[in-house]
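Features of the protein shown, as given by TrEMBL:
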TRANSMEM  14-34  transmembrane segment
TRANSMEM  96-116  transmembrane segment
TRANSMEM  136-162  transmembrane segment
TRANSMEM  183-210  transmembrane segment
TRANSMEM  325-346  transmembrane segment
TRANSMEM  366-385  transmembrane segment
TRANSMEM  405-426  transmembrane segment
TRANSMEM  460-488  transmembrane segment
TRANSMEM  544-566  transmembrane segment
TRANSMEM  572-590  transmembrane segment
TRANSMEM  643-663  transmembrane segment
TRANSMEM  740-767  transmembrane segment
Amino acid sequence: MMAKALLPEFWTEILVPVCAVVGIVFSLFQWYVVSCVKLTADRGGEHEGDGKNGHDDYLIEEEEGVHDQSVVAKCAEIQTAISEGATSFLFTEYKYVGVFMVFFAAVIFLFLGSVQGFSTKSQPCTYDKTRTCKPALATAVFSTISFVLGAVTSVLSGFLGMKIATYANARTTLEARRGVGKAFIVAFRSGAVMGFLLAANGLLVLYITINLFKIYYGDDWEGLFESITGYGLGGSSMALFGRVGGGIYTKAADVGADLVGKVERNIPEDDPRNPAVIADNVGDNVGDIAGMGSDLFGSYAESSCAALVVASISSFGINHDFTGMLFPLLISSMGILVCLITTLFATDISEIKAVKEIEPALKNQLIISTVIMTVGIALVSWTGLPSSFTIYNFGTQKVVKSWELFLCVAVGLWAGLSIGFVTEYYTSNAYSPVQDVADSCRTGAATNVIFGLALGYKSVIIPIFAIGVSIFVSFSFAAMYGVAVAALGMLSTIATGLAIDAYGPISDNAGGIAEMAGMSHRIRERTDALDAAGNTTAAIGKGFAIGSAALVSLALFGAFVSRAGIERVDVLTPKVVIGLLVGAMLPYWFSAMTMKSVGSAALKMVEEVRRQFNTIPGLMEGTAKPDYATCVKISTDASIKEMIPPGCLVMLTPLIVGFFFGVETLSGVLAGSLISGVQIAISASNTGGAWDNAKKYIEAGASEHARSLGPKGSEPHKAAVIGDTIGDPLKDTSGPSLNILIKLMAVESLVFAPFFATHGGFLFNIFS
């Protein structure tokens, strides 16, 4: 018998749910604090004279109109319009996604049930033939249940995120009248609500599901954790539709609003005369918030599932060591506590006194959480793991020490931070890469596009090395389990990462509301300062998501290879080479579909916005109101219709390849899509982020160089707007959706592995 962990099973059973509940309570507390900023026509919530946040700064000086009630009423009205638009879109999207969920749940049940011909007899275990396990029909039933649970939790994560963001946007605008520090805290607290709710809900639902399934499975942990993989599949499949649908919605509106408003009509961003302005602000919430929430929940669920599957056939599962088994959940529990402490640094311990302090405050969140989490991981590894144990490694059991597993998690955590900072270097206008892109606008849009593409390709280099190093270190120490927990390490500070990520769209919306409510340019400068910092941190968040997706899909790939009974993936065999080529092509096919969808939806939007400007008398003069509802409808209809083909491509590929061509070809497809998908995702996200911030660099005019390129409406500025418009679908639709593609195909292959191992290779079997 192996040594037991220091932490008794009883305490593990208590600690995990308690940490999850603490996360939920903390997020509700943050929500309460945000709700103290009132959107009604009284003076409530205007906490007078607390003297915080340095009122002597120009951008923080108290505005005369703090108690101008017409502004408050206007902000409330705009917020209601944005919230209703976002809610209506998500309900429409979830109707279609719900039909898909029911259909796919039936597919899981039928395919997995047919492995043993729907027999209810016990069967020999897959990895240990001397023991008997529950029938394949049980795996079919419980995988279907966990798929539905994962899907519902994912949808809920996205929906709650959107609700919080639309609740906080106008409150951030109103607080901006009292200073940039006040507005920052409201936006950040709101992001924290989403971050902690998502991390805690994901952990709690997974923990409860494991314990409920254990009642039936008893000692058959191999079957129990195989059926849990459906949770990751449910989470990611909903995230795919959320990301693609939301991404098409937001970018169709954004491109339409920018091209006609800023380039043709020379009116400011978020000008209320622009018919697409409400659709644009709704898009920030359904794409950047709801889509991103579902996406990161999917990553978290899958990395947990990958680690649990491998652990169940290692000494933890064989010896029924529940504390060691739940090591991935203990990491996530520690992550919630660490992020809670980290959040206090931004909201209560330090204060934002000047605009230049915003971005460092957000970056410090990442650094502080990573440093404290390293100590947290050491503590969890010391108490939650035996001093030595074995990990399943493609047919053999590899002896691993607890300190080696600590290093696996830590290398993932620090690789995430390094990817984040490289992303920041390439997308923030404080550094030379983006400034060079802005400078290239002097000679027009073409040179801007060339410089932007070059920057995106170059930005791939260091993240790939970081991912490579973390794979090598974690695999050397603990085989595929090491890779899975490295991915969990990268995602362990997900609550802080999401808080920073959600902060961006909330600030962006706050700026839009300030412009539409006709608030002074000083307020708009404050919200722009918040938004510019949010843009960079959003790019950092995407870097984390892509890096973790690479590690997660590799871990899932390893679990799939083991479960499908593939002895080795030989790249010299034609079956695998074909798979590699097809897999590497899929991200391009998928990107083509999503880019074209944004293009065709934007085309309709541009035509509608032009039509309104040309046919509504008094629109440009501001005496007539535009028809916002038609633009919202164009975005909604286009995104619902256009999200289905890319979704089907990703969901059907593993099923078709596995059934017709077998598990070896499918392993090639998974490897190929992982390798090319990560590169395209990083370059697309960073190119789009750089173009966006090059435009903001010119608009802000904060340096002599920037002023020489401006002001708004100048030729270099118009070239920058065109670059930003091209980058929109890259950074907010295709790029972020690609990390779901590589994860989703891997987890789907793992869930259906028993079916493919039994019935796969239909075509090759006929011709052999």
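Easy rule for this one: first residue shown is 1, then count along the chain.
Using N, Cα and C of the backbone, Cβ positions are placed for all residues, glycine too.
For the transmembrane segment (544-566), same-chain residues at least 6 beyond its ends with a Cβ under 8 Å from one of its own Cβ atoms are 126-127, 226, 229, 232, 292, 295-296, 299, 302-303, 305-307, 309-310, 313, 392, 394-395, 412, 415-416, 419-420, 463, 466-467, 470-471, 474, 479-481, 483-484, 486-487, 490-491, 497, 663-664, 666-667, 670-671, 674, 678, 681-682, 685, 735-736, 738-740, 742-743, 745-747, 749-750, 753-754, 756-757, 760. Tertiary proximity for the transmembrane segment (136-162) is limited to same-chain residues at least six positions away from its ends with a CB under 8 Å from its CB atoms, namely 86-87, 90, 94, 97, 101, 104-105, 108-113, 115-116, 118-120, 123, 194, 197-198, 201-202, 205, 209, 213, 216-217, 223-224, 226-239, 242, 285-286, 289-294, 297-298, 301, 502, 751, 754. Taking residue pairs at least 6 apart in sequence, the transmembrane segment (572-590) and the transmembrane segment (96-116) share fewer than three C-beta contacts under 8 angstroms. Where the transmembrane segment (325-346) meets the stretches 14-34, 405-426, 572-590, 643-663, 740-767, the count of C-beta pairs under 8 angstroms peaks at 14-34.
Counting same-chain residues at least six beyond the ends of the transmembrane segment (572-590), those with a Cβ under 8 angstroms from any Cβ of the stretch are 646, 649-650, 653, 657, 661-662, 664-677, 680-681, 734, 737-738, 741-742, 745, 764.
Ranked by the number of CB pairs under 8 Å to the transmembrane segment (14-34), the listed stretches 183-210, 460-488, 643-663, 740-767 are led by 183-210.
Non-local neighbours of the transmembrane segment (366-385) in the same chain are 5-7, 12, 323-324, 326-327, 330-331, 334-335, 337-339, 341-342, 345, 402-403, 405-406, 409-410, 413-414, 416-417, 420, 489, 492-493, 496-497, 500, 540; each lies 6+ residues outside the stretch with a CB under 8 Å from one of its CB atoms.
Listed as Cβ neighbours of the transmembrane segment (740-767) (distance under 8 Å, sequence separation of 6 or more from its ends, same chain) are residues 108, 111-112, 114-115, 126, 136, 139, 143, 147, 226, 229-230, 232-233, 236-237, 239-240, 243, 295, 298-299, 302, 305-306, 309, 549-550, 552-553, 556-557, 559-560, 563-565, 575, 586-587, 590, 650-651, 653-655, 658-663, 665-666, 669-670, 673-674, 677-678.
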